[in-house]
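Per Swiss-Prot, the features are:
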ACT_SITE  ASP588  active site, proton acceptor
BINDING   ILE469, GLY470, SER471, GLY472, SER473, PHE474, GLY475, LYS476, VAL477, LYS490  ATP binding site
COILED    21-50  coiled coil
DOMAIN    463-723  domain 'Protein kinase'
LIPID     GLY2  N-myristoyl glycine
REPEAT    66-96  repeat 'ANK 1'
REPEAT    100-129  repeat 'ANK 2'
REPEAT    133-162  repeat 'ANK 3'
REPEAT    166-195  repeat 'ANK 4'
REPEAT    199-228  repeat 'ANK 5'
REPEAT    234-263  repeat 'ANK 6'
REPEAT    269-298  repeat 'ANK 7'
REPEAT    304-335  repeat 'ANK 8'
REPEAT    339-368  repeat 'ANK 9'
REPEAT    381-410  repeat 'ANK 10'
Amino acid sequence: MGNYKSRPTQTCSDEWKKKVSESYAIIIERLEDNLQIKENEFQELRHIFGSDEAFSEVSLNYRTERGLSLLHLCCVCGGNKSHIRALMLKGLRPSRLTRNGFPALHLAVYKDSPELITSLLHSGADVQQVGYGGLTALHIAAIAGHPEAAEVLLQHGANVNVQDAVFFTPLHIAAYYGHEQVTSVLLKFGADVNVSGEVGDRPLHLASAKGFFNIVKLLVEEGSKADVNAQDNEDHVPLHFCSRFGHHNIVSYLLQSDLEVQPHVINIYGDTPLHLACYNGNFEVAKEIVQVTGTESLTKENIFSETAFHSACTYGKNIDLVKFLLDQNAVNINHRGRDGHTGLHSACYHGHIRLVQFLLDNGADMNLVACDPSRSSGEKDEQTCLMWAYEKGHDAIVTLLKHYKRPQEELPCNEYSQPGGDGSYVSVPSPLGKIKSMTKEKADVLLLRAELPSRFHLQLSEIEFHEIIGSGSFGKVYKGRCRNKIVAIKRYRANTYCSKSDVDMFCREVSILCQLNHPCVVQFVGACLDDPSQFAIVTQYISGGSLFSLLHEQKRILDLQSKLIIAVDVAKGMEYLHSLTQPIIHRDLNSHNILLYEDGHAVVADFGESRFLQSLDEDNMTKQPGNLRWMAPEVFTQCTRYTIKADVFSYSLCLWELLTGEIPFAHLKPAAAAADMAYHHIRPPIGYSIPKPISSLLIRGWNACPEGRPEFSEVVSKLEECLCNVELMSPASSNSSGSLSPSSSSDCLLSRGGPGRSHVAALRSRFELEYALNARSYAGWSQSVGTHSNPGLSLEEMNRSTQYSTVDKYGYVSDPMSLTHLHSRQDDSNFEDSN
C-alpha cells in the first residue's frame, strides 16, 4: 500500500512521453533551421537554379554555413529533377548530412516535393537512410503530415514498421500528431498496429490519449485491427488514457459491446479508467463508464487507498462529479480507505474549500481518522482531516472545520492539538500557511508594480493628508491633495497574519481600479506601492458624501427626479463593470459605496471586495463579501458560485432604500436580514409610494433565482424611461385607487425641509395620510384574499397587527400599507420579528 500523501501526479510513462515530445520538437526545429537561408544568399541560389548557364558554372563544393550542399539546396530553393540528376552524375553523394543531421531526401520529404523525392530515389538515394534522432524519411513524412510523400517512399521500398531512436514507428508518430491521411496510407501498406514503443505504448494508446477519434477508428477497424485491451509497461489500456484526458467520444466508442473492452482493468497503481477520469474531473466520462459498465469500479481501491469517490475529492474542482458519485448506491460519503482516510481528508489535503463545505453539509464526518502507513505497526499516528489541512497550510479550511466541529468524547491528540480534554486545535495561521501567505503577497506586489502603468505610481511624499473622512478594517480614509487635485486617500494597514490579508485586498483593488474609466465609477488617481507600511489608494474626492449619509444621517428629502438620477447613474456604472472584456463583480454594492456629487449625480465606489469574474481563485466566489444587509441570497448561503447577478440583487435593495428613505430591514440586525431574505424569501415592503414601473423592476431585481434578474442594461433603459416621464411616475398616477396629488405630498415634505425631527414629522404625516387614503383599497384587497379586516382600525392598531415598528432607530416610519409586506406575513405564519 502506498502513502496517499506521496502519490505522484505524473507516471513514469508521462515523463517518458514528455521527453519524446521534446525530442520531436527539437527535430522539427533543426529541420526548420536548415530551411533558413539568408535573403541575399537565397536570391543568388534562386538565380542559379533558375538559369542553366548559372547552374553549369557553380562550384560543386559550394556549402552554406549550415553545411547544406547543392543537392540539399536543390530541395530547398526551387530546384527540379534535372538538377538532381545533374548533381548526382557529377558525383555529389545523396547520403551527405547537413550539420543538423539530415540528408537531401529528408529535406525533400519535409518540403513535401514528391517529384524531387522520386528523382532522388531513382538517382540512388537510400530510402532507409537514418538521419538525426534515428529518423528515416518515412518518419519525417509522418511528423510533417505529408501523405503523398509517405506513399512515394513506401512505393520505393521504405520499411513501414521501421523504428526510430525512441522505438516509434511512422504509425506511432502519425497517431501521436493526429495525421489521419498519413495513418491511412501506412495502414494501406501493412503497418503493424500492435507494435510497441519504448514503454510498451502502441499507436492506439497514443491516439486515445491525444483524442484523435478518427485515427482510433482506423486503428481498430482497418488493417490487422489494434488490440483494444493492450497494456503498456504500466498496465495502462487505451481506455485509461482517453478516460484520463476526458475524450468522451473515444470512451463511448471503446465501450461498445462488440469491441469487448475490459472497463474495470487496473494499472500498476491500482487505478481503473474510472479512477483516472475522477482524478482529472472528467464528469461526462465518469458518468459514461458507470452507466455503461456498472458499479464494479466504484468499490475498487488503488494502492493509495482511494476509490473513485476519493479520486474525485482529490481533484476537488468538479462538485457535480462528486454529487453524481454520491448518488450511486455503492458510494458512502464516509467510506474509509485502507489507511483510514476519507474523501473529506483528500479534499482538505489539496485545499478544495468549496468541496470541503459541500461534503460537511452532506454528512461527511470530520472526526474520522487516517493512519500513516509508513509508520511501523506498533505505532499509531491518527490524523483527522483538520490535521491534514493544517499540515498543508490550508488555513481557511482549518477555520471552516473548526466552525463545523462536533465534539466527541475522544479525539486524537498530537502535536497539532492543545493539551487538555477539549481537543481544540492550535490557531491559524499554520506555519506553512503563514509562509504561503507571505510568499504569495510578495509575489502579488511585485507583479502589481510591474503591470501598473507608470502614471499611476505615486510616492507617499506626493500626497498631502488632511482630515479623516472614513475608516474600516483596512485602515482609514483621508481627504487630501495630490498632484494639484483634491483626493480621497485610502491608507492600508499591512497585515500578513490573517486569512484575508490587507495586502491581498490592496493588490486586488488597485488591479481593478487601474482598468476603470467611466463617469459613473469613481476615478482612480494612483497608488503607493513601495512598501506595505505605505500602501495607499488615491481616488477622486466626491464632495457630496455617501448615499447612506444623505438618507440616514442628514435625513435629506429628495424628490423623485433626483432619486431617479442617482439610480440611473449607479445602474450605468454597474452596467459598465459587467460589460467589460473581463467583467467585474462589485460584491459590496450598498448605499455606503454610492457617492454623490454636489449636483446630485452619483458614482460607484469602493472596490475592495470586487473580483474579475474570470478569476481562477476558486474560493473568491464562495466567501461572504460585503455588507450582509444588502447581500444576495446565493452569496449569503454560499451554496453556489455566484455571478454578476448578485450585484443586481444588491442594487435592487439600494433602489428600494433610495425610493423609500429607509434602511432595508432596519428592525433587524444585518445577519438576520440576510437570513430572512435567503431562507424565508422575505423582501422589503413595496408600498404605495413606489411607482408601479419601478416596483415591477424591484420584484425582478431581487428574484430568488439569479437567472430571473434583469441585466443592468435593461435596468438603465427602464429607469431612463421613468426619468423622462417623471411627472407620470408619481405614486398618484401609478395607482388607480384614491391617492395623493403629486403636489400635496411633495410640497408638504419640501416645505418642512428643516433639520431634525421636522423631517421625521413630515414623513410620519405622509405615511399616515397614505394610510388613510388607501384604507379602502386595502379593505377590498383583504376581502379578495379572504381576510376580514376592520375598516375602523387605527394606524397604531395596524402597526401592532403587523408586528412592524412605527419608527425605526433612525426616525423613519415603515410603510404599514405595503400589500407585499402584509401578504408575506399571511403566507408565512412562522415569520417573527427578530429585533
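A Cβ is built for glycine as well, from the same backbone N, Cα and C atoms used for every other residue.
DSSP gives GLY475 (ATP binding site) a strand state. Only residues 6 or more beyond the boundaries of the repeat 'ANK 7' (269-298), in the same chain, are considered here, and those with a CB under 8 A from a CB of the stretch are 2, 11, 234, 237, 239-240, 242-248, 251-252, 255, 263, 304, 306-309, 311-312, 314-315, 317-318, 320-321, 324-325, 328-331. Separation of the C-alpha atoms of GLY475 (ATP binding site) and the residue listed as 'active site, proton acceptor': 17 Å, rounded to the nearest whole number.
Other Cβ atoms within 10 Å of the Cβ of SER471 (ATP binding site), summed over all protein chains shown, number 11. Long-range contacts of the repeat 'ANK 5' (199-228) within the same chain, counting only residues at least 6 positions beyond its ends with a Cβ under 8 Å from a Cβ of the stretch, are 12-13, 16-17, 169, 171-172, 174-176, 178, 180, 183-184, 187, 190-193, 234, 236-239, 241-242, 244-245, 247, 249-250, 253-254, 259-261. Outside the repeat 'ANK 9' (339-368) by six or more residues, the chain places 1, 3-5, 305-306, 309-314, 316-317, 319, 322, 326, 333, 382, 384-386, 388-389, 391-392, 394, 396-397, 400-401, 404-406, 408, 411, 618-619, 622, 638, 641 with a CB less than 8 A from a CB of the stretch.
With every protein chain in view, the residue among the binding-site residues ILE469, VAL477 whose Cβ has the most Cβ partners within 10 Å turns out to be VAL477. When the alpha carbons of ILE469 (ATP binding site) and the residue listed as 'active site, proton acceptor' are compared, the span between them is 19 angstrom. Here the repeat 'ANK 1' (66-96) has long-range neighbours at 33-37, 42, 45-46, 49-50, 55, 58, 60, 103-105, 107-108, 111, 113, 115-116, 118-120, 123-126, 129, meaning same-chain residues at least 6 beyond its ends whose C-beta is under 8 angstroms from one of its own. Within 10 Å of the C-beta of GLY475 (ATP binding site) there are 19 other C-beta atoms, taking all protein chains into account. The Cβ neighbour count for ASP588 (active site, proton acceptor), using a 10 Å radius over every protein chain in view, is 20. Per-residue pLDDT, averaged across the coiled coil (21-50), gives 83.
DSSP labels the residues of the repeat 'ANK 10' (381-410) in these numbers: 17 helix, 2 strand, 11 coil. The two recorded residues, SER471 (ATP binding site) and ASP588 (active site, proton acceptor), have Cα atoms 16 Å apart. Residue counts for the repeat 'ANK 8' (304-335) under DSSP, helix first, then strand, then coil, are 16 helix, 0 strand, 16 coil. Away from its own ends, the repeat 'ANK 6' (234-263) comes close to residues 11-13, 199-200, 204-205, 208-211, 213, 216-217, 220, 228, 269, 271-274, 276-277, 279-280, 282, 284-286, 288-289, 292-293, 297 of its chain (Cβ-Cβ under 8 Å, at least six residues beyond either end). Cα to Cα, VAL477 (ATP binding site) and ASP588 (active site, proton acceptor) are separated by 17 Å. Within its own chain, the repeat 'ANK 4' (166-195) has Cβ neighbours under 8 Å at 20, 23-24, 134, 136, 138-139, 141-143, 145-147, 150-151, 154, 160, 201-204, 206-207, 210, 212, 214-215, 218-219, 222-227, 230, counting only residues six or more beyond its boundaries.
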